[in-house]
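One structure is given below, encoded as structure tokens.
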Amino acid sequence: MKKQNNLRSLAAQAVEQVVEQGQSLSNVLPPLQQKVADKDKALLQELCFGVLRTLSQLEWLINKLMSRPMTGKQRTVHYLIMVGFYQLLYTRVPPHAALAETVEGAVSIKRPQLKGLINGVLRQFQRQQETLLNEFATSDARFLHPGWLVKRLQNAYPTQWQRIIEANNQRPPMWLRVNRTHHTRDGWLGLLEDAGMKGYPHPDYPDAVRLETPAPVHALPGFAEGWVTVQDASAQGCAVFLAPQNGEHILDLCAAPGGKTTHILEVAPEADVVAVDIDEQRLSRVYDNLKRLGMKATVKQGDGRYPAQWCGEQQFDRILLDAPCSATGVIRRHPDIKWLRRDRDIAELAQLQAEILDAVWPRLKPGGTLVYATCSVLPEENRDQIKTFLQRTPDAALSETGTPDQPGQQNLPGGEEGDGFFYAKLIKK
């Protein structure tokens, strides 16, 4: 297959599909990666992630340097210019190469007549860069987040919102989960050191290791054999709070892509686990993860609001509900989230979460444990959600995580720590 090698035009098309069409980067990027040589895949990914991370700034610069926006069939050029700005600001690509390749990208998207315009805007930016960046530093766009999300974070975290925003704008660390059925964490860290890499254990999550420097999975000792899995430290907290035991009947609801399903089975290899997700396509990832780790679980497609459709009258000893959410705790890992979410989505998600909680609670045995988890930092989906659930559910009691007035444990994203995550552990009386 002929490889299309103008990365800049491909990156522009990817960002356009995210911002204009509401597609997630995880769906858009893989087919575009197939169009470039292996050596260029990392740069294409960097351009896509980087432009989405700094989109507010790049948009602000375009508005300063162009008298009117590019619209209609020329819209891709708008994003191509952003790709040019991003290279000049944030990459080690030599400026002359960044300019030449970005201008040439106009040919790939069949807009050769706009090469002069692109060249002119990028050169004007180079001339005015210092003045423009000084002005940008005092603008509302400097937070690199949509205004509605900044307001929500300010309201929820009056003293911490800037730290959360700064964390969201950083590159994420790479966390791994050591498969305790194969090695102790210390034992695997020794293998990692033998392979010339360094890792650090997490103080609270017993299987979690942070790599000093992110590495491709094929370089990790025993990855193909299932000795280790890529999973953020905070996501590993779910199994810690769930505390699964061998012989128990356990439901992992909203299970795709299967990271938590397999963690449950590493902690309790003889548990009977049912993994359910509404998205048939994403369930293929659950099967892949189970296969790589040599594990078995019952995998079903189903809507969490209607458990009778996928589990009949079954009841479970433990339930993990990793609820659908705004994903505002994992923005540093998925910067497209900032531009895919809308303010109105939060109330809709909170309503969906409440419906799933109410539907699945009767499926928990008396004395059983339900862990409600999200990768959100917004109280409407987390603390407020559990507070109102406890008020309307007399046989539910909070355990280990917070108080009835301030229920749950909220992890915030930050530095080398895990992602933003919320957990509430509930016991059925």
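The backbone N, Cα and C atoms fix where each Cβ goes, and this holds for glycine too.
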- Further binder of S-adenosyl-L-methionine named by Swiss-Prot next to Cys254, Ala255, Ala256, Pro257, Gly258, Gly259, Lys260, Asp277, Asp322, taken from the candidates Asp303, Asp336: Asp303
- Task: Please spell out the DSSP helix, strand and coil residue counts for the compositional bias 'Polar residues' (400-412).
- Result: 0 helix, 5 strand, 8 coil
- Message: How about long-range neighbours of the compositional bias 'Polar residues' (400-412): same chain, 6 or more residues beyond its ends, C-beta under 8 Å?
- Response: 157, 160, 163-164, 167, 234, 237, 241, 329, 372, 377, 382-383, 386-387, 390, 418-425
- Message: Can you give me the Cα-Cα distance between Ala256 (S-adenosyl-L-methionine binding site) and Cys375 (active site, nucleophile) in Å, rounded to a whole number?
- Response: 14
- Message: I'd like the number of other C-beta atoms within 10 A of the C-beta of Lys260 (S-adenosyl-L-methionine binding site), please.
- Response: 25
- Message: Let me make sure I understand the structure: which of the binding-site residues listed (Cys254, Ala256, Asp303) has the fewest other Cβ atoms within 10 A of its Cβ?
- Response: Asp303
- One finds that other Cβ atoms within 10 Å of the Cβ of Gly258 (S-adenosyl-L-methionine binding site) number exactly 28
